[in-house]
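Data first, discussion second: the structure below is written as structure tokens.
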Amino acid sequence: MGNFFGRQRNAYVRVSLPAVCFVWQIAMIILFGVFIRYNEESDAHWVEHKKTNNITSDIENDFYYRYPSFQDVHVMIFVGFGFLMTFLKRYSFGGVGFNFLIAAFGIQWALLMQGWFHFLDHSTGKIYIGVENLINADFCVAGSLIAYGALLGKVSPVQLLVLTLFGVTLFAVEEYIILHLLHCRDAGGSMVIHAFGGYYGLGISWVLYRPNLHQSKRLHGSVYHSDVFAMIGTLFLWMFWPSFNSAITDHGDGQHRAAINTYLGLASCVLTTVALSSMHDKRGRLDMVHIQNATLAGGVAMGTAAEFMISPYGALIVGFCCGIISTFGYLYVTPFLEKYLKLQDTCGVHNLHAVPGMLGGFVGAIVAAAATESVYSKEGLINTFNFEGKYADRSVGTQGGYQAAGTCVAVAFGLVGGAIVGFILKFPIWGDPADDNCFDDEAYWEVPEDEETIPPVLEYNNHMIHKHQDIAETNFSVEQS
């Protein structure tokens with residue numbers, strides 16, 4: 001078995017990639033034909049529905065309420081996540097292009113998986129979809145995109161499609177357990193999206209550990225313009241994160257509050273990150289790794305508690321703490337994990353998604369357990385935590401306990417599911433790149449030949465362990481030449 005897994009890698013995907021894409025897309029067409037239908041607000045019978053329910057205006061259609069949030073979330077998925085992964089000096093095509101591939105396949109599979117768990121009409125056997133389903137599908141595929149961040153530059157597009165197939169499936173199951181069986185509240189997905197997606201990617205990366213990855217060390221870094229492109233992704237994510245955390249919250253005060261809390265958490269996180277990044281450098285200079293990534297951790301951590309009455313200063317505290325935790329993670333935890341736990345995390349998703357997501361889940365548990373009628377009002381408590389039906393007698397303390405349990409479920413699903421999927425992806429049939437060919441677009445993309453040679457002085461081995469030592473060596477060699 002060891003010899004089987006240790007066979008020579010071959011990045012040839014001319015047969016496997018078209019085959020997987022064609023077969024799975026045809027399967028989607030068939031499954032959509034069998035199961036998927038328009039819901040009453042997107043069906044042509046909407047006119048009759050308006051008359052029956054005394055609706056006088058099309059403005060009551062959910063499209064006009066949800067679509068602005070859907071637009072923002074959609075931009076985050078395709079532009080924000082995509083460009084955030086373009087920091088590698090020779091892997092920008094793969095960063096944004098494979099992000100596009102994962103998302104395009106994942107949203108189709110997510111509409112089916114989430115539909116079977118949440119929206120299946122048992123009387124007809126059909127799944128009826130509208131604009132809210134599109135938002136949820138984007139949320140679902142976000143978990144797989146986060147996992148991709150841990151594997152960036154080290155896997156083939158076929159492996160990424162397999163990762164997405166299992167990732168969306170696992171997401172739908174853990175989401176059903178957390179939101180329906182445990183009755184947790186997680187509007188912005190700190191638990192179900194970020195904690196799960198982060199640990200899912202880390203679990204896969206741990207199994208796919210490459211002891212000879214140093215052979216691609218020359219490409220495991222950024223250049224000036226690649227970091228600028230990555231910063232574009234950061235800014236899109238940062239600007240639209242309030243929409244992400246509030247997109248599927250209840251109409252009214254909950255959605256309004258979620259946007260405010262996220263807005264403040266993000267702002268606080270930026271200042272904290274800048275302060276720590278500057279403190280770490282002897283000359284007070286800022287590190288783009290921290291600015292691109294750790295500045296977003298506040299939005300991740302505010303996901304669960306976004307619609308709760310955490311208060312504006314509470315949101316600032318969460319962002320402040322996440323800025324510290326995430327920046328320290330990039331400085332010290334990521335090198336530790338690679339050296340001692342053999343965990344290679346290209347984008348540092350452990351610091352941006354996994355830990356802040358887990359922290360956000362526990363923050364939500366504490367805030368839920370501390371909720372009182374004097375702060376929320378009786379009706380406000382019922383509405384915020386959905387204490388209705390069989391949950392009408394649930395206390396806030398019990399709700400806090402279930403919120404904490406939901407966080408543990410998300411982490412467990414991510415780690416265990418990631419390890420299992422990692423073993424599947426370890427089979428040498430997926431066309432993954434050799435150790436000396438990682439982080440290089442030429443393995444899977446036609447790269448223009450007329451690229452200008454980048455002067456060594458503009459290169460710096462960012463997103464790497466011992467990078468400061470490498471910078472010093474590079475600068476020294478340039479000065480001597």
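Including glycine, each Cβ sits where the backbone N, Cα and C put it.
According to Swiss-Prot, the features are:
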TOPO_DOM  1-15  topological domain 'Cytoplasmic'
TOPO_DOM  37-67  topological domain 'Extracellular'
TOPO_DOM  89-92  topological domain 'Cytoplasmic'
TOPO_DOM  114-132  topological domain 'Extracellular'
TOPO_DOM  154-159  topological domain 'Cytoplasmic'
TOPO_DOM  181-187  topological domain 'Extracellular'
TOPO_DOM  209-227  topological domain 'Cytoplasmic'
TOPO_DOM  249-258  topological domain 'Extracellular'
TOPO_DOM  280-288  topological domain 'Cytoplasmic'
TOPO_DOM  338-351  topological domain 'Cytoplasmic'
TOPO_DOM  373-404  topological domain 'Extracellular'
TOPO_DOM  426-481  topological domain 'Cytoplasmic'
TRANSMEM  16-36  transmembrane segment
TRANSMEM  68-88  transmembrane segment
TRANSMEM  93-113  transmembrane segment
TRANSMEM  133-153  transmembrane segment
TRANSMEM  160-180  transmembrane segment
TRANSMEM  188-208  transmembrane segment
TRANSMEM  228-248  transmembrane segment
TRANSMEM  259-279  transmembrane segment
TRANSMEM  289-311  transmembrane segment
TRANSMEM  315-337  transmembrane segment
TRANSMEM  352-372  transmembrane segment
TRANSMEM  405-425  transmembrane segment
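Under the criterion of 3 or more C-beta pairs below 8 Å, with sequence separation of 6 or more, the transmembrane segment (228-248) and the transmembrane segment (315-337) do not qualify as touching, having fewer than 3 such pairs. Counting Cβ pairs under 8 Å that are 6 or more residues apart, the transmembrane segment (188-208) and the transmembrane segment (289-311) reach 3 or more and are in contact. The transmembrane segment (352-372) makes no contact with the transmembrane segment (16-36), as judged by fewer than three Cβ pairs under 8 Å among residues 6 or more apart in sequence. Segment contact is absent for the transmembrane segment (16-36) and the transmembrane segment (259-279), given fewer than three CB pairs below 8 angstroms at sequence separation of 6 or more. Using a cut-off of 8 Å between Cβ atoms, the transmembrane segment (405-425) and the transmembrane segment (160-180) share at least three residue pairs, counting only pairs 6 or more apart in sequence.
The stretch with the most CB contacts under 8 Å to the transmembrane segment (133-153), chosen from 68-88, 160-180, 259-279, 289-311, 315-337, is 68-88. The transmembrane segment (259-279) makes no contact with the transmembrane segment (68-88): fewer than 3 of their CB pairs lie within 8 A, with pairs spaced 6 or more apart in sequence. Within the chain, the topological domain 'Cytoplasmic' (280-288) has long-range Cβ neighbours (under 8 A, six or more residues past its boundaries) at 87, 222, 227, 230-231, 274, 327, 330-331, 462.
Distant neighbours of the topological domain 'Cytoplasmic' (338-351): 84-85, 88, 146-147, 149-154, 197-198, 201-202, 205-206, 209-211, 213, 220, 289, 293-294, 297, 325-327, 329-330, 463, 465; these residues of the same chain sit at least 6 beyond its ends, with a Cβ under 8 Å from one of its Cβ atoms. Sequence-remote contacts of a segment are chain residues at least 6 beyond its ends whose Cβ falls under 8 Å from one of its Cβ atoms, and for the topological domain 'Cytoplasmic' (154-159) they are 11, 13, 16-17, 20, 98, 101, 205, 208, 210, 213, 344, 346, 425, 430-433, 438-439, 444.
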